Structure formats: structure tokens, C-alpha cells
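Notes follow once the structure below has been shown.
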Amino acid sequence: MTFIDKIRGHWARRMTVAAVAALLLPGLVGVVGGSATAGAFSRPGLPVEYLMVPSPSMGRDIKVQFQSGGPGSHAVYLLDGLRAQDDFNGWDINTNAFEMFLDSGLSVVMPVGGQSSFYSDWYQPACGNNGCVTYKWETFLTSELPEWLAANRDVAATGNAAIGLSMAGSAALILAAYHPDRFIYAGSMSGFLNPSEGWWPFLINISMGDAGGYKANDMWGPTEDPNSAWKRNDPMVQIPRLVANNTRIWVYCGNGQPNELGGGDLPATFLEGLTIRTNETFRDNYIAAGGNNGVFNFPNNGTHNWAYWGRELQAMVPDLQRVLG
């Protein structure tokens, strides 16, 4: 192959990616974080509380949906997708997660809000369509919230689980990588597990722009900046930390083929098919690094849709009970 052919191939691939993104991302970002499932709220009568938890780092109170697992219980933190709303957490809107954990002995913690945040501490103010706010979600989830819950709801401040889908899949792994005392368990469903690689920053930036008007550079800095936080927040890069911590991890991703659960629309199938590659590579690299405390579930079906994530969470409950105690 000549040098010119290589260049042509390189630019052809880049143009293909750009064209696909331009055509599909308006639909994709509507499903990043999942297609909604109408009427999936947990049934009335569950002991769910709506808390307002102070966040000094973000300068405001953060709404948290909470269900106690009993005095001194450990907690499962369920993190939302890219289009996280300010009224309810997507896990409650689209699944019966609270009911799954009723009488399990585990508390459920659902932070509300954080659209396009990747649950990260941003480099700069998060400026979007509705103005600017401070995003210090990592600080909130690993310091302010667990300490508040320990003091006010008798929830264990350490030894908990972080589980997320889509943007929050990578976030859950990063929280556990850097805060192994807080999170001994990390679950990722259809997560973007190599966000600093190739054209992922480009796609993430476009998605964040559509989901609230945010900019990826405000979050982690320019990718070309050696001091940017892209690699710091890349689960693939942080595999050695997860292995050294002996974090229990559960990684799920479909292949873009729908089954009886549905989710056969083009955005849901395309995005899951796009995501599976980094998930498989993450598994291979994790095992090669000596990791031996993980579950990897890559079925021959599944799309970027809440129906699949709800089913996977249900499958995780016994493992969460065993590990968290």
C-alpha cells in the first residue's frame, strides 16, 4: 500500500465516522442513557425517600432518591445516563430497581441530575443551554454523599457499589479505581470503556452538546493537552488500579441485535454495536493484567435500551448481596 493509499484510507475512515455521526447522533444522544420505558416506576408504597443532600463542592443541594436496606447496611449507588433528568433518576423512571432491592439488606442510592457530567469533577464550570453550574460529581459521590448518608441514614460509608449505564458505566469503574475504600464493587452496562481512544472524544463532545449544550473540553480539557483528564477518566487506562484494588467488577454489553425485550430502533442498535468493541477489549486487557475478580456478560443480543439494563441489574442482585454483605 502506498503512502497516498494510506492517507486516503485514513481520511476515508474519518469521513465515514463523521458522516455516521452527523446522520445518527441526533437520534443516538436521545438514547444515550437509554430509550425510556413508560410506566416503569417502582410500585407505590415502597419506602423511598427524596433527600436533599448538601454539596459544598457544587454549591447547592443535590436531590437523591433513597431506599434503606436497614441500619448499617451497605449501599448500591445507581448512576444515570447522559440525559439524566433533574426530577427523577433514570433507574427509577425506567426500571423497578427499588423493588429489586426491597428486603435485600442493601440500601439503594440514586443521585438525581448530572446531565452529560460523566459523574466527574470538571476542569471548568459546566456551561450549557441553561447557563453554568459547577460539576464536582466525583467529590460528591465519594465524599459528601457517603458521609452525609452515614451521619443521617446510618448507611455504611465504605464498602459500597457503584453501577451505571452508558456514560455512567465508565464513571462507575473510575470511581472504584480511585476510591477503593468507598466502592469495592463497580458495574458497567453498555459503558464507554475507552473514552480517550481515537474518535470517542469527538463523539462524546457531539453527544454532550446535544444533551444540554455542554462541551467535553470543559469537562476534561483538550485531548491534545498532556495535562488533560481524558486518560485519568479512561477505564481502559486504569485497569491496573482496578486489578490492584481487587475491585469486584461486572461488565455487560450487548451486540446491537434486539431480542424479545425490543429496542430495535436504529440508534439503540447502532450505539450498542459500536460500544461492544471497547468492552471486549477491556475484558481482554483486564485478564491479561492479572484481573480475576470480574464478571463479563456479552450475550449475542442486546441494544442500548433500559429493558436490557433492568434485566442485567436484576441478575446482579445476588452477587451484590454476596460481595457487599
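Each residue, glycine too, has its Cβ placed from N, Cα and C.
Cross-referencing S143, S166, S196 with the substrate binding residues that Swiss-Prot gives (L82, R83, L274, T275, I276, R277, H304, N305, W306) picks out S166.
Segment annotation: Swiss-Prot labels region 'Fibronectin-binding' over residues 98-108 (candidates 43-53, 98-108, 131-141, 241-251). Nearest to L82 (substrate binding site) in space, judged by Cα atoms and limited to the recorded positions C127, C132, E272, H304, is H304. For the region 'Fibronectin-binding' (98-108), same-chain residues at least 6 beyond its ends with a Cβ under 8 Å from one of its own Cβ atoms are 42-43, 46, 48, 65-70, 73-76, 78, 92, 149, 153, 155, 313-314, 317, 320-321, 324. Candidates C127, C132, R277 (recorded positions) were compared with H304 (active site); none lies inside 10 Å Cα-Cα. Each residue of the region 'Fibronectin-binding' (98-108) gets a DSSP state, and the totals for helix, strand and coil are 3 helix, 2 strand, 6 coil. It is T275, among the binding-site residues S166, T275, N305, whose Cβ has the fewest other Cβ atoms within 10 Å in the structure shown.
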